[in-house]
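Step one of this worksheet: look at the structure below.
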Amino acid sequence: MVKAVVLGAAGGIGQPLSLLLKNSPLVDELALYDVVNAPGVAADLSHISTKAKVTGFLPADDGLEKTLTGADIVVIPAGIPRKPGMTRDDLFKINAGIVHDLVEGVAKFCPKAFVLVISNPVNSTVPIAAEVLKRHNVFDPKKLFGVTSLDVVRASTFVATVAGKADPSQITVPVVGGHSGETIVPLLSQATPAFSPKNDEERDALIKRIQFGGDEVVQAKQGTGSATLSMAYAGFKFAEALLKAAAGEKGIVEPTFVYLPGVEGGAEVQKAVGGLDFFAVPVELGPEGAAKATNPIGSISEHEKKLLEACISGLKGNIQKGVEFKKEASKL
Ligand SMILES: NC(=O)C1=CN([C@@H]2O[C@H](COP(=O)(O)OP(=O)(O)OC[C@H]3O[C@@H](n4cnc5c(N)ncnc54)[C@H](O)[C@@H]3O)[C@@H](O)[C@H]2O)C=CC1
Ligand SMILES: O=C([O-])CC(=O)C(=O)O
């Protein structure tokens, strides 16, 4: 019996993500939580003729506890999205506290669940989540994931467009680093099937589009939010991969932002990225979650090395900010 939870389920990402989970044969129970409208979304989804039993809770009457108890996988898209002109880091002030409090709930009510953090800025909210779990002595690095799948999905789509390929899903580009601007590093040199941009201009434009794809959607939505449907697709894709691996399927590898010292193979990556504790790399998934971090850094091109340098310096500050937030919060 698999129980999946969405925290922030009434939002732009939360609703379509919940729909995809309700539609999945891998989910038996789906519990939705939000500060508004979660019971309404749950009532709506509950009429769909798939097997998952759906419930919805608000904070009142121990709603978070009821949502999380017995959960195997918790996906967190709770928090505010960007408006034009904002960076993901501008969301920190509000979203850091939201993620902190929700992960406290995870630590108390379902400490063994997989935790998938979507709320931005991912580069900082995942370190916050790790600190909260550590403080409760329940941190299992194999089970905490920053969801960077949308970068991978965009990389496939944008490379397919430039390469003139009809089906983007047949193109895989590893994307490493973090989830914002220059911390997003697509490794075009390791695309499968192999892909070579025509010239440096084409390469640079493609990399920029993958790094700043989020801005494209923020601009197009004109102040009403950021990517929601493509994020729900990407978030579900990652959750599904994890559930399949947990059920024993072998050979599943997905890029995700993990705590390197706690994952097999992570130490090697850590050496290659200036000692950073958190970094997204393709990770082999298994029954316990992150089974093995792969290290694609050794074989990158000279140009990718430069991108990596910019990534490392940006990510360092983002991670530190998340870790320090916990310190402040824990004084309260
Ligand atoms: N990791 C990624 O690749 C991506 C991350 N995001 C991030 O996902 C987050 C959510 O985006 P949207 O769904 O578009 O926003 P939204 O505003 O449409 O939905 C957020 C939901 O969170 C709920 N919420 C707020 N505080 C809460 C709390 N304490 N407990 C439970 N629920 C709470 C709100 O009521 C709302 O329903 C944003 O931070 C956004 O930046 C968005 C796209 C991609
Ligand atoms: O751009 C944003 O703020 C939302 C996001 O993370 C993305 O679309 O990659």
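Positions of Cβ are set from backbone N, Cα and C atoms, glycine also.
Please treat TrEMBL annotations as automatic predictions, because they have not gone through curation.
Listed by TrEMBL as binding NAD(+) are GLY8, ALA9, ALA10, GLY11, GLY12, ILE13, GLY14, ASN95, ILE118, SER119, ASN120, MET231; the candidate from ASP34, ASP72, ASP140, ASP204 that the record includes in that site is ASP34. Sitting within 8 Å of the Cβ centre of ARG82, ARG88, ASN120, ARG154, and not among those site residues for substrate, are the Cβ atoms of PRO81, PRO121, VAL122, HIS179, SER180, GLY214, VAL218, SER226, ALA227. In this structure, the binding-site residues under consideration are GLY8, GLY12, GLY14, and the one with the smallest number of other Cβ atoms within 10 Å of its Cβ is GLY12. Each residue contributes its Cα atom, and for ARG154 (substrate binding site) and ASN95 (NAD(+) binding site) those atoms are 24 Å apart.
Separating the Cα atoms of GLY8 (NAD(+) binding site) and HIS179 (active site, proton acceptor) is a whole-number distance of 20 Å. Counting only the Cα atoms, the space from ARG88 (substrate binding site) to GLY14 (NAD(+) binding site) is about 18 angstrom. The domain 'Lactate/malate dehydrogenase N-terminal' (3-146): residue composition by secondary structure is 63 helix, 26 strand, 55 coil, according to DSSP.
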